[in-house]
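Taken straight from Swiss-Prot:
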SIGNAL    1-20  signal peptide
CARBOHYD  Asn68  N-linked glycosylation site
REGION    113-165  region 'V1'
CARBOHYD  Asn117  N-linked glycosylation site
CARBOHYD  Asn150  N-linked glycosylation site
CARBOHYD  Asn198  N-linked glycosylation site
CARBOHYD  Asn210  N-linked glycosylation site
CARBOHYD  Asn255  N-linked glycosylation site
CARBOHYD  Asn266  N-linked glycosylation site
CARBOHYD  Asn294  N-linked glycosylation site
CARBOHYD  Asn306  N-linked glycosylation site
CARBOHYD  Asn451  N-linked glycosylation site
CARBOHYD  Asn488  N-linked glycosylation site
CARBOHYD  Asn661  N-linked glycosylation site
MOTIF     732-735  motif 'YXXL motif'
Amino acid sequence: MRYTIITLGIIVIGIGIVLSKQWITVFYGIPVWKNSSVQAFCMTPTTSLWATTNCIPDDHDYTEVPLNITEPFEAWGDRNPLIAQAASNIHLLFEQTMKPCVKLSPLCIKMNCVELNSTRERATTPTTTPKSTGLPCVGPTSGENLQSCNASIIEREMEDEPASNCTFAMAGYVRDQKKNYYSVVWNDAEIYCKNKTNSTSKECYMIHCNDSVIKEACDKTYWDQLRLRYCAPAGYALLKCNDEDYNGYKQNCSNVSVVHCTGLMNTTVTTGLLLNGSYHENRTQIWQKHRVNNNTVLILFNKHYNLSVTCRRPGNKTVLPVTIMAGLVFHSQKYNMKLRQAWCHFEGNWRGAWREVKQKIVELPKDRYKGTNNTEHIYLQRQWGDPEASNLWFNCQGEFFYCKMDWFLNYLNNKTWDAYHNFCSSKKKGHAPGPCVQRTYVAYHIRSVINDSYTLSKKTYAPPREGHLQCRSTVTGMTVELNYNSKNRTNVTLSPQIESIWAAELGRYKLVEITPIGFAPTEVRRYTGGHERQKRVPFVLGFLGFLGAAGTAMGAAASSLTVQSRHLLAGILQQQKNLLAAVEAQQQMLKLTIWGVKNLNARVTALEKYLEDQARLNSWGCAWKQVCHTTVEWPWTNRTPDWQNMTWLEWERQIADLESNITGQLVKAREQEEKNLDAYQKLTSWSDFWSWFDFSKWLNILKMGFLVIVGIIGLRLLYTVYGCIVRVRQGYVPLSPQIHIHQVGKGRPDNADEPGEGGDNSRIKLESWXKDSKSRCMQLTAWLTRLNTWLYNSCLTLLIQLRKAFQYLQYGLAELKTGAQEILQTLAGVAQNACHQIWLACRSAYRNIVNSPRRVRQGLEEILN
């Protein structure tokens, strides 16, 4: 009995040791991701030529799948690659649409210019009756509607632009003929002059002549109405933060959803104000870069105030083509003191919006704002520097507008001062009012030479187009800097940082890469289950449904890996079809543009990612498996997942530092498994078994044996010859201790009685050599006998020990069998007794039920009798 208990204990301990071990298991289809900077592609509902050749058609799918997770978000390009992509891509759009194509280098010559007088071309715009004789625009809020403005009064208040009529000479069509003289009208801001000959004539050059390459746009093109969406390639996704208190930076956004594409975003490039953007909330928001940076601040207006700006160019401008030489035509314009001037009117409750902005600024936390808390000491001012920075700059119908914002800023601040914040009287500058006035409209200037801040270069475009120009834009925000050198005053300075536009549009999104391969320890060493039939699940949410389980526990998510992996593959295939259709359309029109190449790159990236995942699974022996058990032991006992409460995302972040080690062990285990499988197949191969009956194989074996025997004999002969040579050279053989030595008399030489020979030494040497060889053979025979005896005893002892072990094992199995039989007998007895008791109880209940009428009858009879 004691041995039985010991045996059972050993077996239980062994089973416990085996079950306590955990093995690495590979899961495919888990909802896990990591931040990515892969190139996104675009969708657009616009049907223009540029849109159809650069973006795929919009599918109008705005499905959002909520995730029960927390995720960090950042709205600026240095930490959000999607914002950096937008800045680069919109610049490419800008370059492609407004691409200069005619070199202006022939005009980098000396020109004789004469300043034009102040005779002004009258505007042809019909006038309206002003509602007030004091201001051009009147209304409840000093001109909230453009219809309340007198266009004639506004145009008369516009300052004259100094211009010059310049003449220059060139060879013309035939180079050996006399030079032709041409006359061109230039704005004084686009030329620089020297060596004035008199008060009116001067020598001038174009302002861009110091630059290396300057080109002029052939055609006027623009994209005022173009809106697009950024979409993640297959195998990637976009996460969106929906928290109401999101301000461009949040470490733990709790209301997170996954989307395939962003919302429609605006592509209007501006400085200072955000035009035609998207409204997020019905309230004013202040976003600061990295939460505490006051040099990059984004203010999003409340849509309740209905802010907008309407720009128009008065008059009918005529562009004159000047043929310089064959194949080179330059565009000039008529003499006019308002060559490039326009005006814009700001509509809506701007003062109410500005009051709410100031209130939001003083409500900022102390770690984000340390300026004054008095809203009366917060002022809005413009920037200094390049024209694009000091003015409100944007593109309207292909023309570049530069707005001097002093009048409008005075209106918002309700102050009367100049650009240097010096109080002054509203004196007129000629027919135009001075800088110290309050207006809801400002003067715009159209420029042809602009500064490209993205490439740090200059670009020259054609003069303004003919006809009437007008465009209306909604104002959704502004980019500013918060400057407070003292606590008595805070300056809100308009900023030319274009990147903030895309931060406002895409700041709630982040691009992530789906990593569907995960590792976790399980008690199963290898996959032993049979084939299970799996239900086909319809793709209700497609690719987004794959990430819907991101917030669920690991155990629940692992149970639906098959469906999730199908969602992943279905989303990849659908996106590939859409991208391929767009690329084919671009190929047919021979317009594979820069963005078309990006779309093609997104398609290739998705295929590469999917093939890379499958290649990794195949290298571990887990190809096309959702759950793959391996033979690699999990060595990190202090890291185990909580299958009921932990998500896959949390678990993968815990073991991120172990991934390279895990993958290396899986690859080594797979290689060893393949080697073992190859060796096993060779052992179990029937071709190898029947090869033993091949006569040629036996001949080879005999040949090898014969060669071995010949080699041994040859070595023995060489050894014998070598020994003989050594003995001959020595001249004697040492006497063996076994040879008897005859005793001779003292002083008597050997064989002294026999005359003649000098003794019998040769015969004695030969006999001793033969006896020595015989003794060596006897020693070898004795050694072999002892070796044989030792081998026999060892084998006998081993067999005895094995027999004893087998007897112990047989005895233990017999005891286990006896114990199992006793347990079964006991269980059978208990079951029999239980069944018998149940039978008795049922029979008693049945009898009681059956006998109830009889007993009732008997009771009634007794009562009645």
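Each Cβ is built from the backbone N, Cα and C atoms, and glycine gets one as well.
The structure, with features from Swiss-Prot marked on it.
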{"residue": "Asn68", "record": "N-linked glycosylation site", "DSSP class": "coil"}
{"residue": "Asn255", "record": "N-linked glycosylation site", "DSSP class": "coil"}
{"residue": "Asn266", "record": "N-linked glycosylation site", "DSSP class": "strand"}
{"residue": "Asn294", "record": "N-linked glycosylation site", "DSSP class": "strand"}
{"residue": "Asn306", "record": "N-linked glycosylation site", "DSSP class": "coil"}
{"residue": "Asn451", "record": "N-linked glycosylation site", "DSSP class": "strand"}
{"residue": "Asn488", "record": "N-linked glycosylation site", "DSSP class": "coil"}
{"residue": "Asn661", "record": "N-linked glycosylation site", "DSSP class": "helix"}
- Query: Which glycosylation sites (Asn255, Asn294, Asn451, Asn488, Asn661) fall within 10 Å of Asn68 (N-linked glycosylation site) by Cα distance?
  - Reply: Asn255
- Return the single residue from the glycosylation sites list (Asn255, Asn266, Asn451) that has the minimum number of other CB atoms within 10 Å. Asn255
- What is the nearest of the glycosylation sites Asn255, Asn266, Asn294, Asn451, Asn661 to Asn306 (N-linked glycosylation site), using the Cα of each? Asn266
- Message: Spatially, which candidate from the glycosylation sites Asn255, Asn451, Asn488, Asn661 is nearest to Asn266 (N-linked glycosylation site), comparing Cα atoms?
- Response: Asn451
- Item | Rounded inter-Cα distance in Å - Asn451 (N-linked glycosylation site), Asn294 (N-linked glycosylation site) | 26
- Note on the structure: Check: min Cα-Cα distance from Asn661 (N-linked glycosylation site) over glycosylation sites Asn255, Asn294, Asn488 goes to Asn255
- So among the glycosylation sites Asn68, Asn294, Asn306, Asn488, Asn661, who's got the most Cβ atoms within 10 Å? Asn294
- Message: Rounded to a whole angstrom, what is the C-alpha distance between Asn488 (N-linked glycosylation site) and Asn294 (N-linked glycosylation site)?
- Response: 17
- Task: To the nearest whole angstrom, state the Cα distance for the pair Asn255 (N-linked glycosylation site) and Asn294 (N-linked glycosylation site).
- Result: 27
